[in-house]
Amino acid sequence: DFSKAMSQAGTSQFQEVIRQELEYSMKVELDKILSTASSNELEHTKKDLEGFKKLFHRFLQEKGPSVDWGKIQRPPEDSIQPYEKIKARGLPDNIASVLNKLVVVKLNGGLGTSMGCKGPKSLIGVRNENTFLDLTVQQIEHLNKSYNTDVPLVLMNSFNTDDDTKKILQKYSHSRVKIYTFNQSRYPRINKETLLPIAKDVSYSGENTECWYPPGHGDIYASFYNSGLLDNLIGEGKEYIFVSNIDNLGATVDLYILNHLMNPPNGKRCEFVMEVTNKTRADVKGGTLTQYENKLRLVEIAQVPKAHVDEFKSVSKFKIFNTNNLWIALSAIKRLQEKNAIDMEIIVNPKTLDGGLNVIQLETAVGAAIKSFENSLGINVPRSRFLPVKTTSDLLLVMSNLYSLNAGSLTMSEKREFPTVPLVKLGSSFTKVQDYLRRFESIPDMLELDHLTVSGDVTFGKNVSLKGTVIIIANHGDRIDIPAGALLENKIVSGNLRILDH
């Protein structure tokens, strides 16, 4: 036992030496990069690299999944409230004064690359030529006009989306919404083998674009604070932010949740509220809220030990998942940021660059900070508040007659008999937005659709109706044209169906 203990001690000493060497090498490389910054880049590059250094230090310290599975418990009954209970309290007469304490923040760091688009994802047309950003501005403008309030919109951009977004913002200069932006940090990607940055200088254009990345939306706390905007908004009397992904079209300002925050029934305000919703089979990988060491804690699939992944995915044990619609007290962000007390697990995101080089990105997720805030709460909201558009299959749903658009908000059509959304799977011929748009002469009637699978070279004519379960499969080399006006109800279409003009 003595020799085993000695060898373990030796191993941990050896690991500590290696850790120190890696940290030292990283510091040397980061100093070299910083020395290439111009005087006007120096200050923010320094802040970015300091933040990265802290993250890298933690990455070297932590080993294996970051949760002890044995400590995970179901959250206490009252820690996740049903939305119906929050709504039943009604609204106060002075809802305008409550709204004036709110700031809407949209996470706008992502590019539309997964849907074959260049530039910010928020600029993809979603409905009647309106982009995600257009719909967001319309929603807040409608609030401000209806209640005579001044709810501002804040966009957290990344270095990938900032320029294009700022150009577009000029068109809203006369709208009744104050719009502010701040930028996420810019962190260096690390070579997977050497654990050193692949960047040699601070530039991030041309061939250097692949050297840098925005470090996930958990970066919001530090970059919001560093930008000075957090203090300015507190100075204007703002108290809460409502944060959500810009591609979640269900994430509109909810007055009942806001009232619950500002006027809590027990007199004790929550610093952090996470909207969760019930899992379906499509959401088994979503992060879930658990009780862990007497705190509410968000557990993501990446943190789960391999032996427990199936249990984590089980809809019966973990019934809810995080929508990433979050309500957070500004004063709490400021307090925790100044104490360096926001604790978020590190997500290690492996990537392969175009040239074949394997790199890793160290990221964090905004919801993971829930355990650092006091008096946190989950609210189990209707599924309609989670309507993300990640793929063209999602885009087909929100462009269809399943939804109607009013003042920037999408609501499910009353003509649909059941509240669930159809399951839609479009094949690889539809992945890119421009290909997808070319394949539909008009968006089909989907009010009575349960399930749609499309694979291969398929096009849809005008005024097609889809009902029940529809499966359309064009084999390799074949093409299927669904004719204008066709009604497909519980049909499988396969082989070759070509309609030619003569």
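Including glycine, each Cβ sits where the backbone N, Cα and C put it.
Nobody curates TrEMBL annotations by hand; they come from automatic prediction.
The number of other Cβ atoms within 10 Å of the Cβ belonging to K390 (UTP binding site), over all protein chains shown, comes to 14. The UTP binding site feature in TrEMBL is assigned to K121, Q184, G216, D247, K390.
According to TrEMBL, the feature substrate binding site maps to H217. Of all Cβ atoms in the shown protein chains, 24 besides its own fall within 10 Å of the Cβ of H217 (substrate binding site).
For the pair Q184 (UTP binding site) and H217 (substrate binding site), the Cα-Cα distance reads 8 Å. Figure note: comparing Cβ neighbours within 10 Å for the binding-site residues K121, Q184, G216, D247, the maximum is reached by Q184. Largest Cα-to-Cα span within the UTP-binding set K121, Q184, G216, D247, K390: 21 Å.
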